[in-house]
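Annotated in TrEMBL:
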- 12-45: transmembrane segment (TRANSMEM)
- 57-86: transmembrane segment (TRANSMEM)
- 106-128: transmembrane segment (TRANSMEM)
- 149-181: transmembrane segment (TRANSMEM)
Amino acid sequence: MDVMPDLNQARMIGGIGSILLVLTIVPNVGPVLSIVGFILVLLALKYVSDTVQQPAIFQNALYAVIIGIVGAVIAMVLGGAALFAAVGPGFGGGFGDGVSGDFFSLLAGVVVALVVVWIFAVVSAFFLRKSLYLTSDVLGVKLFRTGGLLLFLGAILTIILVGFILSLVAYVLLAVAFFQIPQTGGQPPPPPPPPPP
């Protein structure tokens, strides 16, 4: 028997994933909850995409995740290189110009890494917004559109820290949106019975 994911699964998985994203602010476990939340939301969008036969929903969400991961890796490499350059050979030779130069090269590397993360986060949020807009249009749940817009604006405004608040509000709206997915239409209707002989 072919078991097809349905909108009921998307509702539960996406709602739980969005709640976990809200809990990103919890100390110590926040990053782990964030990763699990993103995976669950991605899986929920895959279910929606398959159920309504709109592959662009999942494709855009997947692009968002891939771009976010690539941006994080590039930023870690840049930040690590700056740290290595600052504390590598010659570090600690005194408190003269060498140390201040190392500090400024470290600071410059960190700033570049943060700018890279910000750029990739904005591009990633753009694709996630596209996915959520399509989801809103197909399912008729307007909060997906609002949540997608707030996530995009949050990514843009993260550079001035207001974006973190917008992102948290967006995650709350996404949780509500997932739980508003209509229950009907999750599974395709069974074929009609054959006519009597």
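Glycine too: its Cβ is placed from the backbone N, Cα and C atoms.
Among residues of the same chain six or more beyond the transmembrane segment (57-86), those with a C-beta under 8 A of the stretch's C-beta atoms are 38, 41-42, 45-46, 48-50, 102-103, 105-106, 108-110, 112-114, 116-117, 119-121, 123-128, 130-131, 134-135, 138.
Residues 60-61, 63-65, 67-68, 70-72, 74-76, 78-79, 81-83, 85-87, 148, 151-152, 154-156, 158-159 of the same chain sit 6 or more residues outside the transmembrane segment (106-128) yet have a Cβ under 8 Å from a Cβ within it.
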